[in-house]
Amino acid sequence: MRKTVIVAMSGGVDSSVVAYLLKKQGEYNVVGLFMKNWGEQDENGECTATKDFRDVERIAEQLSIPYYTVSFSKEYKERVFSRFLREYANGYTPNPDVLCNREIKFDLLQKKVRELKGDFLATGHYCRGGADGTGLSRGIDPNKDQSYFLCGTPKDALSNVLFPLGGVYKTEVRRIAQEAGLATATKKDSTGICFIGKRPFKSFLEQFVADSPGDIIDFDTQQVVGRHEGAHYYTIGQRRGLNIGGMEKPCYVLSKNMEKNIVYIVRGEDHPLLYRQELLAKELNWFVPLQEPMICSAKVRYRSPDEKCSVYPLEDGTVKVIFDVPVKAVTPGQTVAFYQGDICLGGGVIEVPMIHQL
């Protein structure tokens with residue numbers, strides 16, 4: 001008897017190709033499932049989720065597979081969006097994609113999979129592992145690997161997950177979609193945070209977190225060099241949006257004092273204070289047993305390179321990470337993912353002092 005795989009379909013080309021490949025294999029009963037988390041409207045006033053669902057319908061009809069829809073909008077606001085706002089208001093820079101994977105896609109969606117009597121959940125993530133019992137590994141396409149965004153998802157939650165695109169390059173996915181005549185073959189990839197869309201980040205955030213004007217201070221001279229509309233709008237290492245003129249070198253955000261509402265900057269992209277040799281990580285999730293010390297590499301943001309490091313577990317359940325060489329713009333609230341080669345060991349949330357000491 002063939003087993004049933006529930007494909008998380010977003011209306012994009014990746015999940016469309018996942019459904020196509022699984023149907024073509026002939027080993028599974030393939031069922032599509034569209035998940036609505038946010039009711040964002042596009043520039044024409046049309047809900048983007050409605051447009052995406054229409055694309056899911058078109059693909060499901062092309063492939064002759066049944067499909068369902070489920071709304072997690074309420075839960076998404078409670079478990080992802082509310083925390084996103086709270087963290088930003090407190091000066092942190094959270095990663096909502098990591099939260100969404102842990103709280104929604106591989107928790108609530110998994111419950112829906114069980115309701116539909118599914119044996120497997122398949123997604124369009126560019127990573128490997130899951131149902132093969134190996135935990136989590138990078139996808140082979142280095143430009144699309146998404147293991148970073150899954151590093152906070154418990155191993156058990158991935159135990160029945162199929163990642164058909166983990167061994168495929170994005171260019172090949174497009175080619176497969178075009179040769180199969182899939183309706184989404186030329187659809188643009190979605191980018192950015194789903195609930196922000198194409199709007200400037202500041203104009204979005206100011207709808208929920210009030211402006212709080214304050215000083216921008218040059219950390220080296222301790223002189224006021226500008227004004228800001230709210231320290232929560234800025235993240236460590238940020239260059240754009242400071243609106244500071246008359247400097248010989250570009251300015252970068254060094255740190256923030258949320259109590260005094262001060263943003264500190266330094267001049268020059270290679271200023272030594274922009275680099276840190278160590279960090280603490282909390283809210284940890286491991287795919288392998290933690291050894292002491294663990295010699296590995298770490299990514300402190302999605303597009304950053306791997307940095308060699310040593311990881312030391314602490315008594316309070318956090319870990320201290322010491323890098324072989326200092327790393328630029330380590331940001332509190334962001335996600336750190338740990339690797340040995342292509343294997344993702346786990347991940348956590350970065351905790352570093354927000355204020356540099358004089």
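Cβ atoms here come from the backbone N, Cα and C positions, even for glycine.
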| remark: Per Swiss-Prot: ATP is bound by A8, M9, S10, G11, G12, V13, D14, S15, M35, and from G124, G129, G130, G133 the site also lists G124
| query | Per DSSP, M35 (ATP binding site) is which: helix, strand or coil? | reply | strand
| How many Å lie between the Cα of D14 (ATP binding site) and the Cα of H125 (site 'Interaction with tRNA')? | 8
